[in-house]
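Visitor: Once you've had a glance at the structure underneath, I'll fire off some questions.
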Amino acid sequence: MDSKESLTPGREENPSSVLAQERGNVMDFYKTLRGGATVKVSASSPSLAVASQSDSKQRRLLVDFPKGSVSNAQQPDLSKAVSLSMGLYMGETETKVMGNDLGFPQQGQISLSSGETDLKLLEESIANLNRSTSVPENPKSSASTAVSAAPTEKEFPKTHSDISSEQQHLKGQTGTNGGNVKLYTTDQSTFDILQDLEFSSGSPGKETNESPWRSDLLIDENCLLSPLAGEDDSFLLEGNSNEDCKPLILPDTKPKIKDNGDLVLSSPSNVTLPQVKTEKEDFIELCTPGVIKQEKLGTVYCQAGFPGANIIGNKMSAISVHGVSTSGGQMYHYDMNTASLSQQQDQKPIFNVIPPIPVGSENWNRCQGSGDDNLTSLGTLNFPGRTVFSNGYSSPSMRPDVSSPPSSSSTATTGPPPKLCLVCSDEASGCHYGVLTCGSCKVFFKRAVEGQHNYLCAGRNDCIIDKIRRKNCPACRYRKCLQAGMNLEARKTKKKIKGIQQATTGVSQETPENPANKTIVPATLPQLTPTLVSLLEVIEPEVLYAGYDSSVPDSTWRIMTTLNMLGGRQVIAAVKWAKAIPGFRNLHLDDQMTLLQYSWMFLMAFALGWRSYRQSSANLLCFAPDLIINEQRMTLPCMYDQCKHMLYVSSELHRLQVSYEEYLCMKTLLLLSSVPKDGLKSQELFDEIRMTYIKELGKAIVKREGNSSQNWQRFYQLTKLLDSMHEVVENLLNYCFQTFLDKTMSIEFPEMLAEIITNQIPKYSNGNIKKLLFHQK
């Protein structure tokens, strides 16, 4: 071979560095190096260049030495030393090695021929590099150093070889002695030139096979730990990526107060509060808002500021943020240096970075008193369930030393409970119409009475009347008003009594010396409690329309069919009316059905007589507003005899001038006028109910006449009319049964009326009906 000087390339032709993307790849220090031992170096910083092992061809990899990490002293040419030690002719930088491409050896297969090689220049250059990079100029430049260590003689054995034997070795993978001399130990898969360097005991290399440069975080350039070098070594964590985030323990920085009131913070002045996030392993340490997890550690990072009232006063609460795990979602750990600070999990204060130390000390001196006893009392939080506030009270009522004035609401609660309406249970506004009711029920009752509305319940006359559902059923609401005792006469009586009292007061003031003058009280007062008659007024059915077409010529068949259809609807209304009568539903169900079957014709005929008496003075038969039987229609075949019986009822009502209250009581007694011969299942209750309405009829007579000598006479006349109704109804039923059984007449009957007639015919034919009469014939 030629002289060694011819192998040295120009200094200006050294290639530039390429940033590595992966760790643990085989590296070639210079592109002019085409053979020799291939060295694998674990990446120590992102500035190392690493070659990929994806193909079989050897790739070029360059190492860059930053200016900040190497001294300005002239160093021996490393390329020259490597070239001379390997015995390769490199020539110029563009010179190519002739022959086939060199095979890229796999890991663990590199071997060299035994011998000795002079590596003094390489050792001197690497030693100089070690001395220059052992003490970096600053922490940041030391972290970005390209190569910070070199292999020792113990790890890199000295061998003698020439170019031909070296190339033959790379192709055949055997040495000249026929054996495989391995460059690494058995437990190594790569050749580590930094193995013998000493590292601190806290190095992460303890968990990475004694190599501190195999951490995944050192590959990314943004993950450098250079800002934490030197004085920030206490921030380094020991562990691997599988460990949980551990809280950072820092020296106690609890503020203390001197005797003169000055604040002394024990935290070192050189400890700064970085705003950027710093990654170590798989964890991030930063200051960020979150939910407090109470831990008793003396670190000062951020200040708790609560919106609204100043809950902890103007004092600072020392809270430290430890770590955020980015693997499983955000998870915050905080420390609080005050033992008296209690925080619930659902409270989320907003954290702000504390101001600089001078401002913090000024706030402390301004808000905190002097004395050592104040060191531990930084304020107490008060949340729901907590009762103590030492500072920053949001209201005087929360302070134990400030007595709030007595509340008026406490005295109101000790008074009597609010009065409720007797109708709908709403809050009563006063006594209206003799009953304690609300304003809504007062107006409703007045309109119902003065408007003479005939309400009808769509249910069973037992609807619930309360504040919410009082408008659903006016019939049940009106009935409840009457049951409570509401009466329009109560207001008039109250006015009369008030006027009499005022007149009496004036007389007593004029003649105070006369003790004989006393308050005048009327002898009789109207009854303020609800009566059965008033309830009967409420439940009275409305007048129904027949739907008769008067434009079509009249006929007996057409009129009778229309009357039957109207009668069927009136029977349905009579059933609802009977169930609404007080006491009727207390009877047995079979008794109720029996009474309705026996009395349905009584009710129809008596109501027809009342309408005829009120509208036509007993001259016409007013079945419905659109169906009135006049004298002309009475002349139709089979009509006159039946109309004559019905006109008798209206004429008697007209002769006696029966009042509406008397009519209602008489109509109810007609419902109870016929029973089976064997009696009812609830006979005793039936007799009691019947006697009750007989008394009601007597009360109605007394209310109308007012003279006891005439009351008995009128009672006799009215009861005599009730007894005569049996004969009228018997004649009407005979004709009805005849038309029902005679199919040649083709008179239609509604379904319900046909069912009643079918059940009633056998009973009348067998004589199983007992008439309840007031007078003997």
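A Cβ is built for glycine as well, from the same backbone N, Cα and C atoms used for every other residue.
Just lifted these from Swiss-Prot, have a look:
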DNA_BIND  421-486  DNA-binding region
COMPBIAS  1-14  compositional bias 'Basic and acidic residues'
COMPBIAS  130-140  compositional bias 'Polar residues'
COMPBIAS  152-163  compositional bias 'Basic and acidic residues'
COMPBIAS  164-174  compositional bias 'Polar residues'
CROSSLNK  Lys277  SUMO cross-link
CROSSLNK  Lys293  SUMO cross-link
CROSSLNK  Lys419  ubiquitin cross-link
CROSSLNK  Lys703  SUMO cross-link
DOMAIN    524-758  domain 'NR LBD'
MOD_RES   Thr8  phosphothreonine
MOD_RES   Arg23  omega-N-methylarginine
MOD_RES   Ser113  phosphoserine
MOD_RES   Ser134  phosphoserine
MOD_RES   Ser141  phosphoserine
MOD_RES   Ser203  phosphoserine
MOD_RES   Ser226  phosphoserine
MOD_RES   Ser267  phosphoserine
MOD_RES   Ser404  phosphoserine
MOD_RES   Lys480  N6-acetyllysine
MOD_RES   Lys492  N6-acetyllysine
MOD_RES   Lys494  N6-acetyllysine
REGION    485-777  region 'Interaction with CLOCK'
ZN_FING   421-441  zinc finger
ZN_FING   457-476  zinc finger
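Context for these features, please: burial, neighbours, distances.
Guide: In the three-state DSSP reading, Lys419 (ubiquitin cross-link) counts as coil. Within 10 Å of the C-beta atom of Lys419 (ubiquitin cross-link) sit 14 other C-beta atoms, taking all shown protein chains into account.
DSSP classifies Lys703 (SUMO cross-link) as helix under the three-state reduction. Every protein chain shown contributes to the tally, and the Cβ of Lys703 (SUMO cross-link) ends up with 16 other Cβ atoms within 10 Å.
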Visitor: Tell me, by DSSP, whether Lys480 (N6-acetyllysine) is helix, strand or coil?
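Guide: The residue in question, Lys480 (N6-acetyllysine), is helix (DSSP, three-state).
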Visitor: I need the CA-to-CA distance for Lys419 (ubiquitin cross-link) versus Lys480 (N6-acetyllysine), whole Å please.
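Guide: Taking the Cα atoms only, Lys419 (ubiquitin cross-link) lies 18 Å from Lys480 (N6-acetyllysine).
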Visitor: Please average pLDDT over the zinc finger (457-476) for the predicted structure.
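Guide: Summing pLDDT over the zinc finger (457-476) and dividing by its length gives 89.
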Visitor: Which residues, sitting 6 or more apart from Lys480 (N6-acetyllysine) on the same chain, put a CB under 8 Å from its CB?
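Guide: Result: Val423, Ile465.
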